[in-house]
Amino acid sequence: MRVLSGIQPTGNLHLGNYLGAIRNWVRMQDEMDADSQCFFFLADMHSITVHEGREQRIRNVRDMAAALVAAGIDPDRSVLFNQARVPAHAELCWLLNGTARIGWLNRMTQFKDKVGKDREGASIGLFVYPVLQAADILVYNATHVPVGEDQKQHLELARDIATKFNTDFGVELFTLPDPIIPRESARIMSFRDGTAKMSKSDPSDMSRINLTDDDDAIMQKVKKAKTDPEPLPETAEGLAGRPEANNLVGIYATLAGRTADAVCAEFAGKGFGAFKPALGELLVETLRPIRSRFMELRTDDAALDAILEKGAARASAAAEPTLRAAYDAMGLMR
Ligand code: TYM
């Protein structure tokens with residue numbers, strides 16, 4: 001089993017990242033047996049699709065590394081690194097650009113969502129972004145990729161690229177990766193709009209819970225979260241057509257390790273005035289220890305750089321055989 005996943009180091013780690021992906025990373029790392037390996041990385045090469053100044057980008061990478069370690073990624077057991085330190089990702093991306101089709105990329109919903117009406121003004125990087133993501137995965141022959149629901153289409157593309165490359169060059173080089181998507185928290189929604197996903201790029205900070213938010217900020221954001229005037233239903237079925245209520249109950253259930261039905265049963269007939277403080281407490285208790293470890297870790301840049309350098313050396317060694325085989329399959333002498 002080879003587990004791999006990545007996160008863009010833009011802005012803070014938020015509750016959507018944590019519940020949709022990072023918690024699963026930690027669980028898979030902790031349950032790993034001796035024959036398995038976990039690779040987790042900061043997708044800084046992907047982050048060039050968002051304009052950022054030099055100093056801020058450097059800070060973002062170190063902060064996201066600190067956040068992952070604070071959330072439970074152990075750099076001794078997992079290979080933790082930033083993509084820019086491992087050129088194999090960019091090299092394989094270029095090779096796969098010969099395999100990926102424009103028609104496939106045209107169908108990517110994230111690209112369409114991000115560019116909106118200004119397709120002509122979007123960067124090429126944003127368009128080929130999923131090819132780099134495919135390279136990230138295929139260069140390690142990853143078997144399991146823990147991600148939130150929004151990455152499912154990119155994973156399907158990685159499988160299509162792998163299949164076409166193997167067929168075109170008559171090799172069995174790339175392994176087809178399986179997405180690992182959590183059942184309950186695959187799509188955490190915005191606190192301002194239950195139909196939009198919680199995201200770092202939402203201009204309203206009230207829409208998301210950040211790892212850096214203190215206890216008061218968390219309680220405030222929960223209190224102000226958009227809801228409807230109805231009381232909580234007796235079963236989760238009654239949440240249909242109530243996206244905000246469904247989101248908050250889902251978050252509560254995930255954090256408490258219970259089903260949405262059990263949460264509804266407990267709060268049935270009560271309004272959000274009763275539910276929100278309980279949810280706020282649960283969030284505060286979950287995030288407080290992570291935040292305090294994060295605040296401590298982010299003060300030691302040298303230690304964070306050392307972790308990423310060591311991880312990059314291990315990652316480069318793991319990527320090399322597949323990269324070499326890909327050049328060779330294409331008849332490119334290296
Ligand atoms: P990114 O940085 O947007 O998000 C990191 C992870 O968090 C998940 N996620 C969510 N899950 C549930 N609810 C939400 N509201 C929410 N928002 C984010 C994402 O699904 C993701 O798992 N393209 C990727 C990074 C990447 C990658 C890879 C992932 C680059 N190469 C290779 C896997 C394998 C991205 O931008 O994730």
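Just so it is clear, glycine is given a Cβ too, placed from its N, Cα and C backbone atoms.
Database features, via TrEMBL:
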BINDING   Gln8, Pro9, Thr10, Gly16, Asn17, Gly148, Glu149, Asp150, Ile188, Lys197, Met198, Ser199, Lys200, Ser201  ATP binding site
BINDING   Asp136  L-tryptophan binding site
MOTIF     9-17  motif ''HIGH' region'
MOTIF     197-201  motif ''KMSKS' region'
DSSP three-state call for Glu149 (ATP binding site): helix, strand or coil?
helix
C-alpha spacing of the residue listed as 'L-tryptophan binding site' relative to Gln8 (ATP binding site), in angstrom:
13
Fewest other Cβ atoms within 10 Å: which of the binding-site residues Asn17, Asp136, Lys200 wins that one? Let me know.
Lys200
Any idea of the Cα spread of the ATP site, Gln8, Pro9, Thr10, Gly16, Asn17, Gly148, Glu149, Asp150, Ile188, Lys197, Met198, Ser199, Lys200, Ser201, as a max distance in Å?
19
Cα separation, Asp136 (L-tryptophan binding site) to Glu149 (ATP binding site) (Å, whole number):
18
Among Thr10, Asp136, Met198, Lys200, which binding-site residues lie by ligand 1, judged by Cβ under 6 Å to any atom?
Asp136, Met198
Is it possible to get the count of other C-beta atoms within 10 angstroms of the C-beta of Thr10 (ATP binding site)?
20
Residue numbers, six or more beyond the limits of the motif ''KMSKS' region' (197-201), whose CB comes under 8 Å of its CB atoms:
8, 10-12, 14-16, 50, 150, 187-191, 207-209
